[in-house]
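Features reported for this protein in TrEMBL:
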- 8-288: domain 'Tr-type G' (DOMAIN)
- 17-24, 86-90, 140-143: GTP binding site (BINDING)
Amino acid sequence: MAREYKIEDYRNFGIMAHIDAGKTTTTERILYYTGKSHKIGEVHDGAATMDWMEQEQERGITITSAATTTFWKGRDGKMRRFNIIDTPGHVDFTIEVERSLRVLDGAIALLDANAGVEPQTETVWRQAEKYHVPRMIFCNKMDKTGADFYRSVEMIKTRLGAIAVVMQLPIGAETEFKGVIDLIEMNALIWRDESLGAQWDVVEIPEDMKAKADEYREKLIETVVEIDEEAMEDYLNGIMPDNDKIRALVRRGTIDVKFHPMFCGTAFKNKGVQPLLDAVVDYLPSPLDIPAIKGIDFKTEAEIERHADDSEPLSMLAFKIMNDPFVGSLTFARIYSGKLEKGTSVINTVKDKRERVGRMLQMHSNSREDIEEAFAGDIVALAGLKETTTGDTLCDPLKPVILERMEFPEPVIQIAIEPKTKGDQEKMGLALNRLAAEDPSFRVKTDEESGQTIIAGMGELHLDILVDRMRREFKVEATVGAPQVAYRETITRQHEEDYTHKKQSGGTGQFARVKIIFEPNPEGEDFKFESKIVGGAVPKEYIPGVQKGIESVLSSGPLAGFPMLGVKATLVDGAFHDVDSSVLAFEIASRACFREAAKKAGAQLLEPMMKVEVVTPEDYVGDVIGDLNSRRGQIQGQESRGIAVVINAHVPLANMFKYVDNLRSMSQGRAQYSMTFDHYSPVPSNVAQEIQAKYSGQK
C-alpha cells in the first residue's frame, strides 16, 4: 500500500492552553468541521470526543493527550492530513504537555480573550520554547463578557516576551461579536448563526473599522518583511509585498519561531474555526519543514540525523502508553523516518529489547481503525508491545539509533496507599505498575521499614485522579493517607573525612581506606564525583566502587532519611591491601565515610517551593496576602488584570494542601489560583526540627 498523502501535506500539531481557555471545545469544532464528528460534543455536558476518559468528562478537564487524525481542504482545494494531539492544561499534568510537545511539529496556543495570558499558558509556552515548537495564537472566547483582544496582544509581549503578528481583527466583542477582518485579503467574514458556523459571508470591512484595519495591516507587513532582506528593501522603496508574498513570509517567520500569527474567534459559538484551519495549512510546518531529529548511533555512539523520509531506516519515539478497554495496552508513537508494517520486529534501543508490532491502529479520539502500514510523519497506536515505556526509541534492528530522550520532572508530593481489602493487594500492585508505565512523573515504591506502598506525583489533583482511575479501570478500592511532601537534604559546608574499613575474621579479609572531601556542588542539584588520586594510592579499578558506595547512600540523608541533592565528592587519598582489598571493600568504606561526613558537613533540610499565582477581585487582596504570609509565603509582586488583581508568591508546598478550599471561602468562590513547582529551598530551623522529629520516628 502506497502512502496516501504526501509528507508535505501533513500537519502534526497540538493545542496548548490554560485549563479553561476552551481547548477541548476548539478541538471538537475542528473535528466537526473536518468531518470526523457528526454531533458536536460539548464539554459542559461531558460529551466531548477528545475527552474520552470517564473522569475527564466528569471534571471537564483534559487529562490524557489523545491523538486524532483528520483531514482538511486548504484554500488551494488540496486535502491535507492533520494529526492533532490534545494536551491537558492543568498544571498537575505538565508532563503530558511536555511529552506531546516533544512529538509535535507545530502548535496552536489558545488564549481566553477575557483572561489573556494565564500562568499555565506561560508554563506551556516555556516548554514549547524548550522544544522550539512553531506556534500560532488563537484568542478564543471572544463572545465572553470582558473579552479584550487588544489586551491579549499586549500581554503576549509583556508576559511571554513574544511577538504576535495580528492576522485578524475582531468585529464586535462579547455578545456583539460577529466575525473577523482578514488583514491579508482586507475583507470581513461574518458568520451566520443559524448554520452552526458552517457558513459565513465575505463582506466589505465596516466603515468604522477601516482605519484600524489599515493600521494593523501596516504593522503586519512591517513585522514580516524584517525576515527577508529583499522584501525589506522593496518595502523601504515603497513597493508593497503582494498577498502571496505576505503569506510566504508569515510561514517562514512562524516556522523559524521569529513571531507568532494571531487569530481570534469563539469556538463555542462556532465563529473563526475554519480560517484557523486554513492557517494551520498556510503557516504551520510539515515534517519536512523542521530540522531532522538527532539521535545517537546505537553501535558507534556517534551523533546521527534521521530525516522525514520513507526510504530512511525506521525510527520512532514512544510518547504515551495508554490502557485501552478493548485492546489492552496501547503505545502511541511518532514515526520520524522510514515505514512500519504490521507484524514487523523492531528494537527498543533504550531497553535493548526486541518488540513485535501486533496491531497497528489509527486513532480518532475514541474510535479506531486497523491499518497495515504507517509512514514517516505518522502518529500511530501500537498494540502488543511488552517492554516499551514513555520516551523509548523503537527502530530498525539493523540500523539501531537512540533518539533524544525526554526529561521528566521529579515528583513533589507523596501519599501512602493501601487496598481496602487484603485480597486486593496484588491487584493494586499491578494497577499501580500499569499506571506508572503510562506516566513517568508518577512513581510507586515500598517503604522498607513500614512496608507501606507510597505513590508520588506532581500534585494533589494528579494523585487523586490516579487513585480514581485505579478504582474505575482496575476495580481496586484504596485508602490513601495524608499527603506528604517530598523533602530533600543537602550539605552546606566542606568537610574532609578519612575512613578505614577493616574486617579480619579468618579466611579472606576486607580492607579499604578512603579520604574524601565532601562539599556543596556549585553546579547544581546533581551529584558530582571526582578522583584526584595520584601515584596509585587507590588502584584505578577500585575507584568506581568508591563512587557507587557514595551514590548508594545519597537516597537517605542523615537528618530524616530524605534523598540528598547538590553534593560533590572528591577522592583525594586512600590505601589498599594486595590481598584483602576489592571493589566491594571500597564501596563499603566510601558508604560509611559519607554517612560520617554528612553529619559534620552542615546537613540541611530542603523543601519544594511552589510558584503560586492568585487572581482575585480587589476586595480580597488583603486577606489573600495575609493568608499567603501565614503559610510562610514570600510575595513576589502584584499587578492589575482588568478588574482583578494578580498576586505572585513563592510558598512551601507543605503549607499549600487544601488551599483551594480556603481560597474559595475567603473570596466567596471568586478567586482562582495556579501552582507550579519552582525550586528547593532551605527549611527554617524551627520547622526543620518538627519535620525531623516526625520523620525520624518513622524511619
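Glycine is no exception: its Cβ is also placed from the backbone N, Cα and C atoms.
TrEMBL does not curate its annotations; it predicts them automatically.
Other Cβ atoms within 10 Å of the Cβ of ALA17 (GTP binding site), summed over all protein chains shown, number 28. Here the domain 'Tr-type G' (8-288) has a mean pLDDT of 81 out of 100. Non-local neighbourhood of MET142 (GTP binding site): ALA113, PHE149, PRO170, ALA173, GLU174, PHE177, CYS264, GLY265, THR266, LYS271, GLY272, each in the same chain, at least six residues away, with C-beta under 8 Å from its C-beta.
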